[in-house]
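A.B. asks: Below are the features I grabbed from Swiss-Prot:
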- 150, 151, 274, 332: pyridoxal 5'-phosphate binding site (BINDING)
- 300: N6-(pyridoxal phosphate)lysine (MOD_RES)
């Protein structure tokens, strides 16, 4: 039976939500009611699959905490008042912490003046952010296109590469096995996870995948494409594969790929949506090898965990294909004043507080602790790896990974798996995590592994 629209129901629901937004605290009955509502509405109106996913990694087999507010820069508080150290970081968006006061203040100040742009007049913050990114990014990167997410940033990069290379007769893209570049149609064509790809086949033609970190395979693919007339427009890579399981390539790999791109006349697109903005101990992961891409993709942490924003930054030579018609690729909300205010404040915080260097220092401390645990629990842990504050613990099988996430939840530390590698639990906290909190995370991981070993022995 078709359901008739109900303005009265929608009005009541929106009014109830606005009342919740105004509240700072909930009493016990309000908390219980909100939990019930959220679970019901996820099941009936969002996607019940999300409930089952959270159930698999949450203490007691429950649906998990209903988040309520940030506890501090590095913690989350649920509706029951439980505080969690955030070692997931919203999949990499909270590099400067939760509700960083500098970022929040910038957004509030802009909101008091003008929240969105007119689309016709020139908006100053978009210009200032583009100038700032031109100064911040490596090499000859100069012009920025702004959007709202990582997958949009990748879509723009692919279209930009096509527009530049099509007159040169180059239409092929090379990506890598294990890659994750997003789930919109173009980005998904570069993504390498069959689970995400198969339901939407056929994807865009002209994409090939080679093993990540294997420079000989990259050379072979470029040569074969040249022989068959399928000349390569661009190679698209993550400097470190995040959703693939925090996979680091061999030293010198990015440098070698850059040389091959130059040799074959292919553009180099670096997807730093997850590795950028100080995450790996440098402002951008490509700086570890002083590699300069032709196109750089950013998002996630660019908005400081306050506003969604993505950016595609390119050299003048490449970006100039859009000069004659700047409307070839645009978005309504891309580069809006609130998002640009958040991004400018985020960059300011990262530089003023030298957070990339802090990420290197605290990341080394955490990784040393996790590697020690891997030595103590070889029956459970296969490897701990990472760079800066992008780390992973890989377990001997998927089930142990889920159990670890559940045990860490009991210890009030929030972690989760990676999308392309179910055996791997990602550790991706805010770069503002304190030394004391780092120690608590390692202690919680030790307790979690000890409890898991007891469970295995008793089984």
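Note: Cβ is positioned from N, Cα and C throughout, glycine not excepted.
On a predicted model such as this, the values are computed, not experimentally measured, just so you know.
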A.B. asks: Quick one: largest C-alpha distance among 150, 151, 274, 332, binding pyridoxal 5'-phosphate per the record, in angstrom?
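C.D. replies: Among the residues the record ties to pyridoxal 5'-phosphate, max Cα distance equals 24 Å.
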A.B. asks: Pick from 274, 332: which of these binding-site residues has the biggest number of other Cβ atoms within 10 Å of its Cβ?
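C.D. replies: In terms of Cβ crowding, the pick is 274.
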A.B. asks: Measure from the CA atom of the residue listed as 'N6-(pyridoxal phosphate)lysine' to the CA atom of residue 332 (pyridoxal 5'-phosphate binding site) and give the result in Å, rounded to a whole number.
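C.D. replies: With the alpha carbons as reference points, the distance is 19 Å.
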A.B. asks: Compile a sequence-ordered list of residues in the same chain as residue 150 (pyridoxal 5'-phosphate binding site), six or more apart from it, whose Cβ lies below 8 A from its Cβ; state 'none' when nothing qualifies.
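C.D. replies: Looking at Cβ-Cβ distances below 8 Å from residue 150 (pyridoxal 5'-phosphate binding site), excluding near sequence neighbours, one finds 181, 182, 271, 273, 274, 297, 299, 300, 310.
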A.B. asks: Pick the one among the recorded positions 151, 300 whose Cβ has the fewest other Cβ atoms within 10 Å in this structure.
C.D. replies: 151
